[in-house]
Amino acid sequence: MDWLLVICSLVHVLLCPFTKVEESFNLQAIHDILYHQTEIQKYDHLEFPGVVPRTFLGPIVVSMIAAPFVAVSRALEFPKDASLYLVRCTLGALVLWPLLKLRKRIKETLGQGTSNWFIFITVSQFHFLFYLSRPLPNTMALPLVLLAYYYWLGQQHGKFIACSAAAILIFRGELAILLGLILLGELLTRRLSLAKTMFVAVPTGLICLSVTVLVDSFFWQRLLWPEGEVLWYNVVLNKSGDWGTSPFLWYFYSAIPRAMGTSLALLPVGMFFERRVWPLVLPALFFVLAYSFLPHKELRFIVYVLPLLNIAVAAACNRLWENRTKGKWRALLALVAIGHLVANLVLTSFLLMVSRANYPGGEALFVLHKMESPESNVTVHIDVLAAQTGISRFGQLHDNWMYDKTENLKPGSPELRMFSHLIVEAKSKHAYNLRPYTETHDIVAHVEGFSHIRSSYNHFPPIRIKTKPCLFILKNKHLPEEPDFSFASKKHQVEATEESLPAEVELHFRNVSDGEGLLPENSTETPNSIENVKN
């Protein structure tokens with residue numbers, strides 16, 4: 001049964017290997033630790049610091065585990081992008097390990113049947129497995145959150161507090177709401193005393209805070225507590241809304257229904273039949289409610305609650321399945337439990353196909369590498385859209401090539417004519433921004449990205465995924481003999497972090513892989529164009 005989770009997680013990695021802009025800090029940090037090691041001045045974050053700093057502790061752990069596999073890959077002379085798969089599989093394994101432990105705890109507390117249904121439900125849904133191997137700050141915190149659940153259900157309060165403190169102080173401060181509600185429940189039911197809580201929490205918190213300050217101050221080359229600065233930015237300054245706002249109840253009517261699929265309909269059934277799941281579901285729902293007060297909302301911000309909600313759904317399915325022999329209506333309800341998994345799998349397959357078309361930048365660079373010889377003298381300029389939709393340092397395969405992402409260069413400018421190749425955003429080969437290259441460049445390829453979904457009653461299934469040209473690869477026909485790239489200052493290249501991407505761009509280029517782009521959203525106060533993205 002455990003292998004089902006592993007195999008399905010690998011499918012997500014293999015079908016959608018590239019990463020987006022909000023994953024860039026952790027991914028680039030992992031790359032730099034693996035490839036630059038102690039040469040801190042070569043690290044990406046010193047050139048692209050983003051709006052707020054993030055901790056290096058997650059990338060360090062992932063890099064340490066992945067390093068032997070990456071070393072073997074390099075010794076066997078595999079392409080550099082093979083390391084991207086290895087890194088993502090490593091992160092996926094770090095999340096799967098506590099998830100499988102949690103499954104065993106479910107077996108101990110709610111029975112084998114509920115445990116099995118928990119696995120079936122999890123693999124049938126799209127979002128949790130999709131995020132599981134993605135180097136997001138939320139995913140970096142997820143192993144500690146799942147371990148906290150495991151120790152909480154086993155009444156191992158000391159370890160629960162320790163994991164909670166690490167998750168909150170190092171990775172995601174908002175987890176203080178979710179894990180704090182769970183802790184409050186233990187205190188109110190007197191399963192845990194306040195004295196023991198303080199005895200464990202205070203020293204653990206001091207240790208976690210000291211470790212993150214010492215390690216991250218070294219890597220950032222200044223004294224700081226990363227998560228403290230994030231909390232100040234998002235909560236005190238309330239700046240998160242600068243990147244787009246959503247209605248207060250957006251998590252309840254949009255995010256959770258998309259994340260759970262048809263399983264959501266069985267959540268109240270599980271709470272009705274199995275009262276033991278109430279202490280799991282209520283903190284999760286109150287966390288989502290409390291987090292709704294922040295104006296900027298994304299599904300990944302609440303990904304931690306999905307396992308808790310799925311436990312309740314698993315309890316419902318188990319009860320329906322066990323009663324299948326007690327009458328025709330009970331047998332029909334058992335078929336509903338099976339049928340909802342099928343419906344989830346159909347939705348997941350559909351979202352995976354959408355996601356594959358949502359990384360045109362990574363695809364464009366892959367195409368360019370196939371077209372040109374590794375020994376050729378290639379200098380390629382990568383525009384904003386390409387940089388934000390799949391291109392990372394893991395995709396820069398050849399050391400002798402120049403990969404530049406200098407922004408604010410006008411189409412057809414003398415600076416852009418210095419490059420042998422350009423990866424340019426355009427809606428068609430006749431687009432206005434491609435006209436300056438009519439005489440000087442050849443269009444050698446184009447990459448299509450997700451456009452929209454159209455109903456088609458002449459096909460099965462009756463929904464069609466439509467793509468459109470979004471990136472064009474241009475080759476220079478008249479290269480200067482001695483190109484001058486002095487203008488290409490890396491400090492002006494586009495490499496945003498999760499808090500620095502305007503919501504309009506997020507909805508169109510990233511959240512469609514979350515399913516968010518499938519329905520209209522009421523996001524407001526967003527910048528008007530992608531050119532407004534700054535570090």
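Note that Cβ sites are derived from N, Cα and C of the backbone, with glycine treated the same way.
If you look up TrEMBL, you'll see 521-535 marked as compositional bias 'Polar residues'. The region 'Disordered' feature in TrEMBL is assigned to 512-535. TrEMBL lists 1-23 with the feature signal peptide. The transmembrane segment annotation in TrEMBL covers 56-76, 82-100, 136-153, 159-185, 197-220, 248-270, 277-295, 301-321, 333-354.
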The transmembrane segment (197-220) touching the transmembrane segment (301-321) per 3+ Cβ pairs under 8 Å rule: no
Residue numbers, six or more beyond the limits of the transmembrane segment (333-354), whose CB comes under 8 Å of its CB atoms: 11-12, 15-16, 117, 120-121, 124-126, 130, 261-263, 265-266, 316-317, 320-321, 323-324, 450, 453, 461, 463, 465, 512-513, 515, 517-518
Spatial neighbours of the transmembrane segment (136-153) far in sequence, C-beta under 8 Å, 6+ residues away: 22-23, 25-26, 54-55, 58-59, 91, 94-95, 97-99, 101-102, 105-106, 109, 159-160, 163-164, 166-167, 170-172, 175, 178-179, 182, 186, 300-301, 303-304, 307-308, 498
Sequence-remote partners of the transmembrane segment (248-270) [C-beta within less than 8 Å, at least six residues beyond its ends]: 121, 124-128, 277, 281, 288, 291-293, 297-299, 302-303, 305-306, 309-317, 319-320, 337, 340, 343-344, 347-348, 514-516, 518-519, 521-522
Long-range neighbours of the transmembrane segment (277-295), counting only residues six or more past its ends (CB under 8 A): 110, 174, 177-178, 181-182, 185, 234-235, 238, 240-241, 245-246, 248-252, 256, 267, 270-271, 301-302, 304-305, 308-309, 311-312, 315
